[in-house]
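Per TrEMBL, the features are:
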| type | residues | note |
| --- | --- | --- |
| DOMAIN | 102-390 | domain 'SAM-dependent MTase RsmB/NOP-type' |
| BINDING | Asp231, Asp258, Asp279 | S-adenosyl-L-methionine binding site |
| ACT_SITE | Cys332 | active site, nucleophile |
Amino acid sequence: MTPAARVQAAIEVLDLVIEAARSNGAPADRLIADWFRPRRFAGSGDRRAVRELAYRAIRACGEVPQSGRAAMLRVAAEDDQLAALFDGSRHAPAPIAADEAMAASGVAPQWLMDRLAASGVSETEAAALLDRAPLDIRVNTLRAGRLTLPEGAERTVAANGWRYPPEARIEQTPAYASGAIEVQDTGSQLTCEALSARPAELVIDLCAGAGGKTLALAAAMENRGTLVACDVDRTRLSRLAPRAERAGATMVETVLLDPNREIQALERFAGKADAVLVDAPCSGTGTWRRNPEARWRLTEKQLARYVETQARLLDMAAGLVRPGGRLVFVTCSLLDDEGATQAQGFLQRHPGWQALLPALPAGTARRQGIRLSPFHDGTDGFFVARFGCV
Ligand SMILES: C[S@@+](CC[C@H](N)C(=O)[O-])C[C@H]1O[C@@H](n2cnc3c(N)ncnc32)[C@H](O)[C@@H]1O
């Protein structure tokens with residue numbers, strides 16, 4: 001593909017991304033892969049370049065743009081070389097008209113910017129949510145016997161964490177194939193450390209998904225004790241078993257939950273767990289580095305639903321913890337509604353509990369919890385609170 005044809009391709013891809021954002025359709029990565037499937041003439045360099053252009057435009061526009069072309073014009077407004085490719089030649093975008101509308105630049109839709117500001121997130125800190133994320137890994141101590149790390153790693157503040165540049169490819173390395181390393185953001189690793197899971201304990205990971213945090217907990221527990229990984233999403237949870245096998249985490253027990261009747265499958269653990277992790281479903285404002293189009297999808301109504309579910313899951317989780325046990329609440333969000341305010345609500349509803357600020361090597365205290373952010377900590381954005389049952 002010529003450079004100009006790549007720009008036109010990115011515009012077409014962006015139209016699909018915009019439509020999907022409005023109709024809750026597929027994520028951008030999937031749309032890009034689908035767009036290329038019938039276009040066999042495109043090589044890997046073309047795919048990379050189109051993907052890069054599309055994501056540049058997604059990051060540049062705070063509000064949902066009116067069209068893919070308007071979004072690309074926003075990027076071209078600051079890049080003369082790109083603007084010159086709008087020349088109307090074969091497969092190229094049409095020339096730019098003098099009065100042509102372009103999308104407004106910005107970090108996120110205004111309502112979200114307002115919510116972030118009300119949560120103490122400055123505009124600069126919010127903008128850092130759109131940086132490119134590095135590739136962080138966790139050394140899996142269950143498999144790390146004779147580990148040779150792929151070259152180029154730097155230590156992070158996480159106990160077993162290392163960092164590579166964003167473009168690093170480690171999935172093909174022997175260390176990855178043997179299960180000795182896992183891809184996991186440093187912030188995510190730190191939220192697991194906040195639970196202080198120990199060998200021989202009974203630990204419940206209530207919202208385990210495909211088990212990113214479960215595997216870190218299994219390693220902290222040295223694969224000894226009981227680790228129960230739950231989720232309402234059968235597909236996500238089904239991905240956990242093969243990952244656990246690869247990681248040598250044979251202790252993991254999975255439990256599929258029935259939405260709104262979660263407790264039924266967990267009654268046998270009531271009042272018994274040493275520690276429960278609630279890595280709750282949330283808006284994901286802290287993960288825009290990886291999914292920048294997520295900010296175009298979120299609505300105030302969806303956010304309210306997340307907040308309601310988080311409170312319900314926290315209340316349920318409290319009933320699983322034994323006296324003297326601990327509960328860690330995590331969201332990958334910088335919004336107080338899903339963080340400090342949620343934690344405060346929990347403490348008001350449960351007078352027998354107290355907040356115990358987790359001692360983490362990064363992050364900033366935000367009322368009863370800790371906030372991690374790309375701007376301050378170089379991690380994805382998270383809120384983590386730790387509660388003790390007295
Ligand atoms: C932030 S993700 C978890 C990510 C996972 N812990 C990890 O580290 O990869 C939130 C998870 O909560 C799950 N979830 C949503 N509603 C739930 C509910 N009512 N009970 C349990 N899990 C729920 C979602 O399916 C999703 O997998």
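Backbone N, Cα and C define each Cβ position, glycine as well.
Taking the Cβ of Asp231 (S-adenosyl-L-methionine binding site) as reference, residues of its chain lying under 8 Å away and at least six apart in sequence are, in sequence order, Cys207, Ala208, Gly209, Leu237, Leu256, Leu257. Distance noted between the C-alpha atoms of the residue listed as 'active site, nucleophile' and Asp279 (S-adenosyl-L-methionine binding site) is 8 Å. In sequence order, Thr191, Asp205, Leu206, Cys207, Ala208, Gly209, Lys213, Val330, Thr331 constitute the residues six or more apart from Asp279 (S-adenosyl-L-methionine binding site) in its chain with CB-CB distances below 8 Å. Counted within 10 Å of its Cβ, the other Cβ atoms near Asp258 (S-adenosyl-L-methionine binding site) come to 10, all protein chains included. DSSP classifies Asp258 (S-adenosyl-L-methionine binding site) as coil under the three-state reduction. Taken together, the residues in the domain 'SAM-dependent MTase RsmB/NOP-type' (102-390) have a mean pLDDT of 96 on the 0 to 100 scale. Packing around Cys332 (active site, nucleophile) is summarised by its Cβ count: 27 other Cβ atoms lie within 10 angstroms of its Cβ, all protein chains included.
In the three-state DSSP scheme, Asp231 (S-adenosyl-L-methionine binding site) is classed as strand. Site extent for S-adenosyl-L-methionine: among the recorded binding residues Asp231, Asp258, Asp279, the largest C-alpha separation is 17 Å.
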